[in-house]
Number of protein chains: 2
Amino acid sequence: MSAYDDLMDFQRETEALAQVAGRLGWDQETVMPRGAAHQRGEEMAAMEGVLHARRSDPRIGDWLDRAEAADDVAAANLRLIRRMFDRTAKVPARLAAELARVTSLAQGQWAEARAAEDFAAFVPVLARVVDLRREEAQHLAQGGDAYDALLDDYEPGATAESLTAMFGALRPRLLALRDAALGSPHQPVPLTGTFGEGGQLAIATELATAFGYDFTRGRIDKAVHPFSSGSGADVRITTRTAPDDPFNCFYSTVHEVGHAAYEQAIDPAFALTPLGQGVSMGVHESQSRLYENQLGRSRAFTGWLHGRMTATFGDTGLEPDAFYGAVNRLHRGFIRTEADEVQYNLHVLLRFDLERALIDGTLAPAELEEAWNARFLTDFGYPVDRPSKGCLQDVHWSVGLFGYFPTYTLGNVYAGCLHAALRRDLPDLDAALTRGDTSPATGWLRERLQRWGGLRGPRATVAHATEQEPSEGPLLDYLEAKFAAIYRL
Amino acid sequence: MSAYDDLMDFQRETEALAQVAGRLGWDQETVMPRGAAHQRGEEMAAMEGVLHARRSDPRIGDWLDRAEAADDVAAANLRLIRRMFDRTAKVPARLAAELARVTSLAQGQWAEARAAEDFAAFVPVLARVVDLRREEAQHLAQGGDAYDALLDDYEPGATAESLTAMFGALRPRLLALRDAALGSPHQPVPLTGTFGEGGQLAIATELATAFGYDFTRGRIDKAVHPFSSGSGADVRITTRTAPDDPFNCFYSTVHEVGHAAYEQAIDPAFALTPLGQGVSMGVHESQSRLYENQLGRSRAFTGWLHGRMTATFGDTGLEPDAFYGAVNRLHRGFIRTEADEVQYNLHVLLRFDLERALIDGTLAPAELEEAWNARFLTDFGYPVDRPSKGCLQDVHWSVGLFGYFPTYTLGNVYAGCLHAALRRDLPDLDAALTRGDTSPATGWLRERLQRWGGLRGPRATVAHATEQEPSEGPLLDYLEAKFAAIYRL
């Protein structure tokens, strides 16, 4: 056995245990009896303890020192294992434990503060989380930029500087497009009516199949929040239904199928290795958003969906063109996760600017609500009337996820690039989408991007697929063309 | 922190991880996508590796040497932890690994041999399993009886000698009762008809509720084989349905509820400690069999079930007395798990005698089929016509479970003792059972037996509940009285 083989055997077991811990999370959100919550906490903590001990096992350092890469797959594995090992080594065990303890506490306090519409009650624990993450970032950055060090956990290689430039280019054109659309005399009509759960779930299953989700290596269950969980041969998704909002069920399903299909498509030879998962949050989100928006909300595909809805529920009261408008209409709102394709990124940009200020210390946690509400009024034109619709709407900061939000918009930017490239390569794509057949597009993505897992860095993964360096241009061009047509701008 | 506290903290994490591994097993049998089987094997192996390393951690020996018991709970914890630690230490790691490898292989070969009705194909791997378990037993017994050492894994304190005496007393009276019943001119009529899955599952849920299963800390799912899984706050059961055999669904559900209710009733202060689980296989089986048979198949309770079936499916064609007869009728058959209350133990006694002979070397694995068929003909009066109905019907021996079978009959014996004691204490029990109310009986069991978990040894647990030493007399008296009435003997 070479040092590389020993290291990979050890890593393989660690990855298998990480899958087990992930499945425990799936179980908790879908099938766990409610009385089991406390015991589950102990089970999760025990699994985290096992994983942390393995990830910081000193033998990894020895193996890494002696291992030699025989090919580019081995080189990528060694690079990613070293990256994780160094990250663990840089953060003092005391700080890691304190972060785990405080964020667990903070999540509960965030939920209570949100329910009570009481931002002040959340401030002390938020301040503690920010302090701890800043301290962690200093250990990780070793003299470099603290925010970049945090960002690196979710999007290796990305920097605040590059994102600031990209987002700076997005914001004015998105604002202009939003204003033009909402100011147009041609406003799409929303879908109205109530739609039974059985019919919604049947269509959700059809949509998952249409987008290539492999049910022999996955399953769909109901949960409060839609999510995708697992890698390799066991990738499960969840969905939810609301009687008056079938699009929420349909498009959250397609979104999660995008995440899950990526995991399912990765080369099986990479299973239970560092290459066997989506390479970054941004690239992951590019798949889910491309499936959901550029494909799922296209005129061609909504024509097919319109037919499925009519067959299931009877006349929707909307002709196919109007149905397409209803799927894509812009609307006033406060909540990021409910936002339309144009305004979604404005919600993210707001968070990106505020969280950088929290981490660099120029915004005090106590001032967050005021800063949020001011920026929201500037960008959206109407005031936030309560914290649950403002700075308490997302769980992320309570659990210490600083540097995560920008990956949502980066994912949209990557999706724009990938969409432009696949339209270039697949001129007849709409003919297939009209029949509910996504396979030309999803097959292109599988071959060009998904199968490669973590072999290349995030940006290189997208560049390899598109044969171009990623930029925000294609996303903006796509949005402007699409919504100019819908709103007759 | 005292040595005892350190030891219990470590043990608590190990128990939590064991719960996680157990839940992985539940997942595999209920919701796992079929394409995930191979990956799941790696996940299970990684969990087993973690658990084995913890159970043989040398710090346990140090803590045990220094720990002092402050009370009887602490004394019981130390006794059980020492027992597990010593057991692990006695078996060479090489042998433990080889046993895991060979039994995993053997289970697959058993399934293939059973499907092909080819006993000869199973002989080589069975011989290997027997050899390895005999070798293990010699390490464990350290000069004592090898079979007793294996039995001790499932029923601490039981010996082949004591079981042989008990089973020797059972066999002639069971054979005589069976012959008398089957020879009676008054034969109960079986239930006929087909019964929809929805109705069966609805009644199964009512039955679980009636027997005190706590759904806030458990759930029922469908699986190929009924089982109960988990301890403490998350104890799940499974059931199955066949259109022409609703009693299989109903009574396997009540059986599993007996196992699960035992786990759910254990003092929460014992959760995630060695006391926090049923004390032995025999005592566990006493609960499941008592729920299923002495309570669930009683005339009083079947009267209530008859009403629920009529309400759900319409007229069953059987009046309440005839329905009681149909629930309890003896029938010819080959399969242990399908046997009636009288003949079930004859199936177990056959296995007990054969497996002792395999372990003491007086029966060669190659001769097992012949020995099985000869004994079956003697005890049941008709020949076995193929291995899947004979010596290949059970999975147990393929996975090395020698010493497990007798706990089934020991459980029935214990159930007989417990039933006699609770009837003595609850003279009006039948009035409650007639209303579908099992709470006097299940409450008695909770207080007298279930809540104590592993605090006392198995036999002492039953003796504490009944205030008498256990013996086979009450079971025989109960069976003879019950079936004499049904068959008018």
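Note that Cβ sites are derived from N, Cα and C of the backbone, with glycine treated the same way.
Here is what TrEMBL records for this protein:
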BINDING   B:H255, B:H259, B:E285  Zn(2+) binding site
ACT_SITE  B:E256  active site, proton donor/acceptor
Nearest-integer angstrom distance between the alpha carbons (Cα) of B:E285 (Zn(2+) binding site) and B:E256 (active site, proton donor/acceptor): 10
Residues flanking the Zn(2+) site, with Cβ no more than 8 Å from the Cβ centroid of B:H255, B:H259, B:E285 and excluding those residues themselves: B:S228, B:E256, B:G258, B:H284, B:Q287, B:S288, B:R289, B:Y291, B:E292, B:G411
B:E285 (Zn(2+) binding site), number of other Cβ atoms within 10 Å: 24
B:E256 (active site, proton donor/acceptor) CB neighbourhood, other CB atoms within 10 A: 26
Close in space, distant in sequence - B:H259 (Zn(2+) binding site), Cβ under 8 Å, 6 or more apart: B:S228, B:I237, B:G278, B:H284, B:Q287, B:S288
